[in-house]
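Novice: Take this structure, written in C-alpha coordinates, and hold onto it; I'll ask about it next.
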Amino acid sequence: MVLELYLDLLSQPCRAIYIFAKKNNIPFQMHTVELRKGEHLSDAFARVNPMKRVPAMMDGGFTLCESVAILLYLAHKYKVPDHWYPQDLQARARVDEYLAWQHTGLRRSCLRALWHKVMFPVFLGEQIPPETLAATLAELDVNLQVLEDKFLQDKDFLVGPHISLADLVAITELMHPVGGGCPVFEGHPRLAAWYQRVEAAVGKDLFREAHEVILKVKDCPPADLIIKQKLMPRVLAMIQ
(Lines of atoms letter the chains of each structure in order from A and count residues from 1; the text may use other names and numbers.)
(Lines give C-alpha, C1' and ligand atoms only; values in the text may rest on other atoms or scores of the structure.)
Protein backbone atom coordinates (compact mmCIF):
# COMPACT_ATOMS: atom_id res chain seq x y z
CA MET A 1 0.00 0.00 0.00
CA VAL A 2 1.11 3.57 -0.68
CA LEU A 3 2.35 5.60 2.26
CA GLU A 4 -0.21 8.30 3.12
CA LEU A 5 0.77 11.65 4.60
CA TYR A 6 -1.78 14.09 6.00
CA LEU A 7 -0.22 17.53 5.77
CA ASP A 8 -0.79 21.24 5.49
CA LEU A 9 2.31 23.09 4.30
CA LEU A 10 1.26 26.02 6.46
CA SER A 11 2.55 23.85 9.33
CA GLN A 12 6.28 23.81 9.97
CA PRO A 13 6.59 20.08 10.90
CA CYS A 14 4.50 19.21 7.85
CA ARG A 15 6.99 21.09 5.69
CA ALA A 16 9.88 19.16 7.23
CA ILE A 17 8.22 15.82 6.47
CA TYR A 18 7.25 16.90 2.95
CA ILE A 19 10.80 18.04 2.10
CA PHE A 20 12.35 14.92 3.64
CA ALA A 21 10.08 12.54 1.72
CA LYS A 22 10.50 14.39 -1.58
CA LYS A 23 14.26 14.81 -1.24
CA ASN A 24 14.72 11.10 -0.54
CA ASN A 25 12.34 9.94 -3.31
CA ILE A 26 9.99 8.31 -0.82
CA PRO A 27 6.72 7.54 -2.63
CA PHE A 28 3.66 8.88 -0.84
CA GLN A 29 0.11 10.04 -1.33
CA MET A 30 -0.51 13.47 0.17
CA HIS A 31 -3.83 14.39 1.75
CA THR A 32 -4.02 18.13 2.34
CA VAL A 33 -5.75 19.00 5.61
CA GLU A 34 -6.40 22.74 5.52
CA LEU A 35 -5.85 24.15 8.99
CA ARG A 36 -7.30 27.56 8.19
CA LYS A 37 -10.57 25.87 7.22
CA GLY A 38 -10.62 23.80 10.40
CA GLU A 39 -10.42 20.51 8.47
CA HIS A 40 -8.21 19.02 11.18
CA LEU A 41 -11.14 19.34 13.60
CA SER A 42 -13.46 17.18 11.51
CA ASP A 43 -14.74 13.77 12.59
CA ALA A 44 -13.28 12.30 9.40
CA PHE A 45 -9.76 13.43 10.28
CA ALA A 46 -10.20 12.37 13.91
CA ARG A 47 -10.34 8.80 12.62
CA VAL A 48 -6.79 9.30 11.34
CA ASN A 49 -5.50 11.29 14.31
CA PRO A 50 -7.74 11.48 17.39
CA MET A 51 -5.64 14.44 18.61
CA LYS A 52 -6.83 16.37 15.52
CA ARG A 53 -3.40 17.68 14.56
CA VAL A 54 -1.20 17.48 11.50
CA PRO A 55 1.06 15.90 10.46
CA ALA A 56 -0.21 12.34 10.47
CA MET A 57 0.99 9.27 8.61
CA MET A 58 -0.66 6.00 7.63
CA ASP A 59 1.44 3.12 6.36
CA GLY A 60 -1.02 0.33 5.70
CA GLY A 61 -2.68 -0.22 9.06
CA PHE A 62 0.05 1.61 10.99
CA THR A 63 -0.53 5.23 12.05
CA LEU A 64 1.84 7.84 13.49
CA CYS A 65 0.84 11.32 14.62
CA GLU A 66 4.00 13.08 15.84
CA SER A 67 6.37 14.77 13.40
CA VAL A 68 9.69 13.61 14.85
CA ALA A 69 8.41 10.04 15.12
CA ILE A 70 7.30 10.21 11.47
CA LEU A 71 10.68 11.54 10.33
CA LEU A 72 12.56 8.82 12.20
CA TYR A 73 10.21 6.13 10.90
CA LEU A 74 10.79 7.25 7.32
CA ALA A 75 14.55 7.50 7.84
CA HIS A 76 14.71 3.93 9.14
CA LYS A 77 12.23 2.32 6.77
CA TYR A 78 13.61 3.82 3.57
CA LYS A 79 17.29 3.60 4.52
CA VAL A 80 18.03 7.19 3.57
CA PRO A 81 21.63 8.49 3.40
CA ASP A 82 23.36 8.30 6.76
CA HIS A 83 23.87 12.04 7.16
CA TRP A 84 20.16 12.58 7.86
CA TYR A 85 20.24 10.53 11.08
CA PRO A 86 23.81 9.27 11.55
CA GLN A 87 24.76 5.82 12.79
CA ASP A 88 27.66 7.36 14.71
CA LEU A 89 26.52 7.44 18.34
CA GLN A 90 27.64 10.96 19.19
CA ALA A 91 26.48 12.51 15.90
CA ARG A 92 23.07 10.90 16.35
CA ALA A 93 22.95 12.15 19.94
CA ARG A 94 23.51 15.68 18.64
CA VAL A 95 20.53 15.33 16.29
CA ASP A 96 18.45 13.97 19.18
CA GLU A 97 19.60 16.81 21.42
CA TYR A 98 18.39 19.43 18.96
CA LEU A 99 15.09 17.65 18.32
CA ALA A 100 14.47 17.46 22.08
CA TRP A 101 15.22 21.17 22.60
CA GLN A 102 13.35 22.64 19.68
CA HIS A 103 9.87 21.64 20.88
CA THR A 104 9.97 24.03 23.82
CA GLY A 105 12.67 26.34 22.46
CA LEU A 106 12.63 27.46 18.88
CA ARG A 107 9.22 26.09 17.91
CA ARG A 108 7.32 27.99 20.57
CA SER A 109 8.92 31.34 19.79
CA CYS A 110 8.62 30.92 16.00
CA LEU A 111 4.98 29.95 16.31
CA ARG A 112 4.18 32.85 18.61
CA ALA A 113 6.00 35.29 16.33
CA LEU A 114 3.92 34.29 13.31
CA TRP A 115 0.62 34.35 15.18
CA HIS A 116 1.25 37.60 17.04
CA LYS A 117 2.63 39.43 14.00
CA VAL A 118 0.29 38.14 11.24
CA MET A 119 -2.25 35.46 12.03
CA PHE A 120 -4.06 37.18 14.89
CA PRO A 121 -4.44 40.59 13.22
CA VAL A 122 -4.87 39.41 9.60
CA PHE A 123 -6.56 36.01 9.86
CA LEU A 124 -8.49 36.27 13.12
CA GLY A 125 -8.98 40.04 13.20
CA GLU A 126 -7.54 40.36 16.71
CA GLN A 127 -5.01 43.08 17.43
CA ILE A 128 -2.00 42.21 19.58
CA PRO A 129 -0.76 44.82 22.08
CA PRO A 130 2.60 46.26 20.99
CA GLU A 131 4.25 45.22 24.25
CA THR A 132 3.13 41.60 23.70
CA LEU A 133 4.56 41.56 20.19
CA ALA A 134 7.80 43.12 21.42
CA ALA A 135 8.16 40.46 24.13
CA THR A 136 7.47 37.72 21.58
CA LEU A 137 10.13 39.01 19.19
CA ALA A 138 12.62 39.38 22.05
CA GLU A 139 12.00 35.75 23.03
CA LEU A 140 12.53 34.72 19.41
CA ASP A 141 15.87 36.53 19.29
CA VAL A 142 17.02 34.75 22.46
CA ASN A 143 16.28 31.38 20.87
CA LEU A 144 17.94 32.40 17.61
CA GLN A 145 21.06 33.17 19.61
CA VAL A 146 20.89 29.74 21.27
CA LEU A 147 20.51 28.11 17.86
CA GLU A 148 23.53 30.02 16.56
CA ASP A 149 25.84 29.75 19.58
CA LYS A 150 24.93 26.38 21.08
CA PHE A 151 23.90 24.29 18.09
CA LEU A 152 25.43 25.78 14.93
CA GLN A 153 28.61 27.33 16.36
CA ASP A 154 31.14 27.46 13.48
CA LYS A 155 29.98 24.32 11.67
CA ASP A 156 28.43 24.14 8.22
CA PHE A 157 25.34 22.42 9.62
CA LEU A 158 23.95 21.86 13.11
CA VAL A 159 25.60 18.47 13.59
CA GLY A 160 28.65 18.70 11.34
CA PRO A 161 29.63 18.96 7.68
CA HIS A 162 26.38 17.56 6.25
CA ILE A 163 22.68 18.35 6.52
CA SER A 164 20.69 16.30 9.05
CA LEU A 165 17.15 16.06 10.35
CA ALA A 166 18.10 18.72 12.89
CA ASP A 167 18.76 21.27 10.14
CA LEU A 168 15.57 20.40 8.30
CA VAL A 169 13.42 20.75 11.40
CA ALA A 170 15.17 23.99 12.37
CA ILE A 171 14.88 25.72 9.01
CA THR A 172 11.19 24.91 8.61
CA GLU A 173 10.59 26.43 12.04
CA LEU A 174 12.46 29.60 11.13
CA MET A 175 10.45 30.06 7.96
CA HIS A 176 7.39 30.69 10.15
CA PRO A 177 8.58 34.11 11.37
CA VAL A 178 10.17 34.76 7.97
CA GLY A 179 6.71 34.31 6.45
CA GLY A 180 5.41 36.76 9.03
CA GLY A 181 7.87 39.41 7.91
CA CYS A 182 10.35 39.06 10.78
CA PRO A 183 13.98 39.85 9.86
CA VAL A 184 15.13 36.55 11.33
CA PHE A 185 18.64 36.51 9.90
CA GLU A 186 19.56 40.15 10.52
CA GLY A 187 22.22 40.28 13.19
CA HIS A 188 22.82 36.53 12.87
CA PRO A 189 25.38 36.16 10.06
CA ARG A 190 26.21 32.54 10.82
CA LEU A 191 22.52 31.61 10.67
CA ALA A 192 22.16 33.54 7.41
CA ALA A 193 25.02 31.58 5.83
CA TRP A 194 23.64 28.32 7.24
CA TYR A 195 20.23 29.09 5.73
CA GLN A 196 21.84 29.35 2.29
CA ARG A 197 23.62 26.02 2.78
CA VAL A 198 20.45 24.26 3.91
CA GLU A 199 18.48 25.63 0.97
CA ALA A 200 21.20 24.45 -1.43
CA ALA A 201 21.38 20.99 0.19
CA VAL A 202 17.61 20.55 -0.06
CA GLY A 203 17.43 22.08 -3.55
CA LYS A 204 16.09 25.57 -4.16
CA ASP A 205 13.07 24.43 -6.16
CA LEU A 206 11.92 21.94 -3.50
CA PHE A 207 12.61 24.44 -0.72
CA ARG A 208 10.52 27.12 -2.39
CA GLU A 209 7.74 24.66 -3.24
CA ALA A 210 7.48 23.59 0.39
CA HIS A 211 7.43 27.18 1.67
CA GLU A 212 5.17 28.80 -0.91
CA VAL A 213 2.16 28.75 1.44
CA ILE A 214 3.92 30.25 4.45
CA LEU A 215 5.62 32.96 2.38
CA LYS A 216 2.20 34.14 1.19
CA VAL A 217 0.50 33.90 4.57
CA LYS A 218 0.33 37.68 5.01
CA ASP A 219 -2.12 37.75 2.10
CA CYS A 220 -4.53 35.18 3.55
CA PRO A 221 -8.20 36.22 3.74
CA PRO A 222 -9.75 36.68 7.19
CA ALA A 223 -11.47 33.71 8.79
CA ASP A 224 -15.25 33.68 8.88
CA LEU A 225 -16.90 33.82 12.29
CA ILE A 226 -17.63 30.08 12.55
CA ILE A 227 -14.04 29.10 11.73
CA LYS A 228 -12.73 31.74 14.13
CA GLN A 229 -14.85 30.35 16.96
CA LYS A 230 -13.63 26.82 16.22
CA LEU A 231 -9.97 27.72 15.97
CA MET A 232 -9.52 30.31 18.71
CA PRO A 233 -9.44 27.97 21.76
CA ARG A 234 -6.89 25.66 20.12
CA VAL A 235 -4.77 28.55 18.90
CA LEU A 236 -4.65 30.12 22.35
CA ALA A 237 -3.68 26.78 23.90
CA MET A 238 -1.04 26.21 21.23
CA ILE A 239 0.83 29.48 21.68
CA GLN A 240 0.77 29.72 25.48
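Glycine is treated like the rest: Cβ placed from N, Cα and C.
Pulled these features from Swiss-Prot for this protein:
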BINDING   His40, Arg53, Val54, Glu66, Ser67  glutathione binding site
DOMAIN    2-82  domain 'GST N-terminal'
DOMAIN    88-222  domain 'GST C-terminal'
Novice: Identify, among the binding-site residues His40, Arg53, Val54, Glu66, Ser67, the residue whose Cβ has the fewest other Cβ atoms within 10 Å in this structure.
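Specialist: Comparing Cβ neighbours within 10 Å for the binding-site residues His40, Arg53, Val54, Glu66, Ser67, Glu66 has the fewest.
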Novice: Roughly how wide, in whole Å, is the group His40, Arg53, Val54, Glu66, Ser67 that binds glutathione, by largest Cα to Cα distance?
Specialist: 15
Novice: By DSSP assignment, list the helix, strand and coil residue numbers for the domain 'GST N-terminal' (2-82), in that order.
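Specialist: Tallied per class, the domain 'GST N-terminal' (2-82) gives 34 helix, 17 strand, 30 coil.
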Novice: Report the residues of the chain - excluding His40, Arg53, Val54, Glu66, Ser67 - with C-beta within 8 Å of the mean position of the site's C-beta atoms, for the recorded glutathione site, in sequence order.
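Specialist: So the additional residues around the site are Tyr6, Ser11, Pro13, Cys14, Asn49, Met51, Pro55, Ala56, Cys65.
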